[in-house]
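Only one structure is covered here, and it is reproduced in the block below.
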Amino acid sequence: MELKELKQKFATVFGNECEDVFFAPGRVNLIGEHTDYNGGNVFPCAIDRGTFALVKRRSDNKLRMYSENFANLGVMEFTLDNLVNDKSHDWANYPKGMIKFFIEEGHKIDKGFDVLFYGNIPNGAGLSSSASIEVLTGTVLKHLFGLSIDPVQIALLGQKTENKFIGVNCGIMDQFAVAMGKKDNAILLDCNTLKYAYVPVVLKDELIVISNTNKRRGLADSKYNERRGECEQALKELQTKLNIKALGELSIEEFEANKDLIKDPVRLKRAKHAVYENQRTLKAQKELSAGNLEAFGKLMNQSHESLRDDYEVTGKELDTLVELAWAQAGVVGSRMTGAGFGGCTVSIVKKDKVDDFVKNVGAAYKDKIGYEADFYVVQVSEGARKL
Ligand code: GLA
């Protein structure tokens, strides 16, 4: 939907013109999956799809929220003195949680506002539609109330909303990428220390293609928390001998020398993925910076294999998309991205092969899985901002 139409929609829904417009992107993680909550490195970038917020201040303490993506749910209305999770408020619990934690943090938010949201990231597809609306809300609050808060703090409050208000035990990667994204750059983020570096993504003859399995994630949240638990347990076993705070601190050699401390074969595989994927991410960043895109692509492929065999978070739909991608001409690398169990894959594809890629992978996927995949060519873009 165009901005002009969204402005008209705002006027129809709220009976007033909007004052300001904000945007927060979604993200795609290039490599470094399920490493963030293990204190490892991730390598995501913000994309040119995301969520818009059109806003008008109010003089009372009411919040009225409407999403064009959930038009059937109508306007959600609540007040600043009643910021509790309410099932019937559905998607609006994300912005609500943000407002609650801003206030708890001591930020002065004494008036309400009307807001219309519209997103062009597919929901629940592993491209961080929820982190996008969280960080977007934080960015709106910062500007509307003149708050001194930086994007990293906004990201942390987004993660807090997810963990403590929504109940998903996610790491910091998504909110960080959405808040801190930079055009044509990926972010190498050490989730143990929050130290980060921007790394140029130089693609001369290639494009980033996201393929959506269109599989609803279903049990994903409980499986996600289960993987976290398995890694925490493995860490405890390693800590009986090693002085470490996170799996991300281990080199491959240290892990191999001590892995017998982990008594269960499943936990051993989970920990192995966390350690190897973290090292692979560091290596991948170096290859990309050195201009070795082919080597970067191979590491993406290895990442997928590790997520499939050791971490076991892929499934038939993601594996099908990735295996089909690997078999296409002009594919530099392809892997699942995000939490897994459904959602999307990310592929780097030669520009002149993208049309064939979409055609061939699309047809073979439909053949095998029975329904269509969707494809988006994305650009690496800026983080959340006022437009
Ligand atoms: C989800 C979570 C992130 C991260 C990824 C897996 O996107 O929100 O914190 O753990 O899964 O890498």
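Note: Cβ is positioned from N, Cα and C throughout, glycine not excepted.
Remember, it's a predicted structure, so these values are computed and weren't measured experimentally.
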Quick check: of Tyr198, Tyr224, Tyr365, Tyr371, which does TrEMBL put in the same substrate site as Glu33, His34, Thr35, Asp36? Tyr224
For His34 (substrate binding site), the three-state class that DSSP assigns: coil
Enumerate in sequence order the recorded positions Arg27, Asp36, Ser130, Glu162, Tyr224 whose Cβ-atom distance to ligand 1 is under 6 angstroms. Asp36
Please list, in sequence order, the residues in the chain of Asp36 (substrate binding site) that are at least six apart in sequence and whose C-beta is under 8 Å away from its C-beta. Val42, Cys170, Gly171, Ile172, Met173, Leu189, Cys191
Taking the centroid of the Cβ atoms of Glu33, His34, Thr35, Asp36, Tyr224 (substrate site), which other same-chain residues have Cβ within 8 Å of it? Gly32, Tyr37, Asn38, Val42, Gly171, Met173, Arg227, Ala274, Glu277, Ala339
